[in-house]
Amino acid sequence: MSFLKEINRRRTFGIISHPDAGKTTLTEKLLLFGGAIQEAGAVKSNKIKKGATSDFMEIERQRGISVATSVLAFEYNGIKINILDTPGHKDFAEDTFRTLTAVDSVIVVIDVAKGVEEQTEKLVEVCRMRNIPMIVFINKMDREGKDAFDLLDEIEQKLGLKVVPLSFPIGMGYDFKGIYNIWEKNINLFSGDNRKDIEETIEISDLSSPELNKLVGEKAANTLREEIELVDGIYPHFNKEDYLNGKQQPVFFGSALNNFGVRELLDCFVDIAPKPRSKNSEERLVKPEEDQFSGFVFKIHANMDPNHRNRLAFIKIVSGEFKRNTPYLHVRLNKKMKFSSPNAFFAEKKEIVDISYPGDIVGLQDTGSFKIGDTLTEGEILNYKGVPSFSPEHFRYINNADPMKAKQLYKGIDQLMDEGVAQLFTLDLNGRKVIGTVGALQYEVIQYRLEHEYGAKCTYENLNVHKACWVETNDKKSTEFKEFLRVKQRFLAKDKQNQLVFLADSMFSLQMTQQKYPNITFHMTSEFE
Ligand code: GDP
């Protein structure tokens, strides 16, 4: 198959949702359609169970699973689909944000009863800011939930989306009769007897046909006719360009558990979802069809077994072909590297591959050369943008608890930060080290891993910081900036890239500081134009 054909047939996406909305179940059903797995239950949830936050075994189990489900690939109707796993647990939100830099589109799963939940809101906001094309799947229609129109309103308001229903439910919960597929103009009946089977589809070219009354009963048929008329009147029609530009979001209804409405979603997805897209680097826009290979690291996974302390760096291929045993330039280190056993991912396994294409993810064995955001090329100096750090939510001093093991501790911290487990800040005033994380769980992961992988011990000490803000000024010599450095010295630190960071102890002090120094900009992420 030609290079261009390989690119055009790839769809690389992520599924985002609040925990429990049905992401794992939907993933599994998609894999079943692709024939990639034979039975339900094959996809392991990477969820951390409630109340298990201090259980190290749980953390380890979770990590084990997360490498297995990091990338799930399968073929469907000649299309190569790569699903990138996005942890739903809020403590791992940073992982998810980074993974979103490697997807070309997303599917958002929403629970019909719970509506828009907190994590969905945060993740959708990130996608919206980057104009990532999104399809919404409203799940659990077999249960009593919110009225479809109310829910669509809620999605528009809370998520700031412009929805276009491409399917519509006929009833709900106990009265759920099926789904009218607006996209294909047919009906799928959800019948009591074969709820677990893949549904049969009935073509309905005209909703006014009496056939509909026979299928779902007169009352439900009339309601559907009214509702579809309303949908027609209220919502814009589907426009592929608008979807691809993030200006409108198609919506499907279904029940992942019952494998209902999933095929419709998948068929539409492979039809409209974008093939690998161009990506901005600091230097220029890079197109997938360029013949020179380039890609970037969006995730690093460490092996927790101390005897095999290798890591797997996940590279998204942006352009060209990635070939095994070919020297590529590690741009940050300015070093040529060859990879003898790049892994490609399939539904349940990974395998060594000779060649991979834009849109694909390869896993490279790494002994510490990579960090998140690194770029590989055939020689060109490119630095891919878009793997920013966000301000952590929690901050603690990290102290060495075993003076004999200082070297191990610093090496461990260094490597864990490269993996993106947390962020390190070094205080200007006294050189003390502060670890910033999205969730409290990471502190336990770090402590555990430092001990088991590096033989080092640490303790933490609380530190009252509200947000870390990356500081920007146009004039480092201005009196204003000099005064800021002097007055706020206690609150200043450097991140791992040696960028200046202001550790604000409250929202109020951040506002006051901003007022007092109007020519300094405080950013909530490490990357800014
Ligand atoms: P995740 O946290 O988003 O990955 O959610 P899961 O896929 O693990 O689903 C959470 C729970 O919801 C599980 O108990 C599923 O069996 C259940 N579930 C998923 N889809 C449906 C559905 O369509 N209907 C019903 N009734 N339950 C569902």
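Each Cβ is built from the backbone N, Cα and C atoms, and glycine gets one as well.
TrEMBL annotations: computationally assigned, not manually curated.
As given in TrEMBL:
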- 8-277: domain 'Tr-type G' (DOMAIN)
- 17-24, 85-89, 139-142: GTP binding site (BINDING)
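Over the domain 'Tr-type G' (8-277) the predicted model carries a mean pLDDT of 85. In the three-state DSSP scheme, His89 (GTP binding site) is classed as coil.
Met141 (GTP binding site) falls within neither a helix nor a strand when secondary structure is assigned with DSSP, and so counts as coil. Here the Cβ of His89 (GTP binding site) has 18 other Cβ atoms within 10 Å, regardless of which shown protein chain they belong to. Filtering Ser17, Asp20, Lys23, Thr86, His89, Met141 by Cβ distance to ligand 1 (under 6 A) retains the following binding-site residues: Ser17, Asp20, Lys23. Counting only residues at least six positions away in the same chain, the Cβ atoms of Val112, Pro169, Met172, Gly173, Phe176, Ile179, Phe253, Gly254, Ser255, Phe260, Gly261 sit under 8 Å from the Cβ of Met141 (GTP binding site). Figure note: comparing Cβ neighbours within 10 Å for the binding-site residues Ser17, Asp20, Lys23, Thr86, the maximum is reached by Lys23. The DSSP secondary structure for Ser17 (GTP binding site) is strand.
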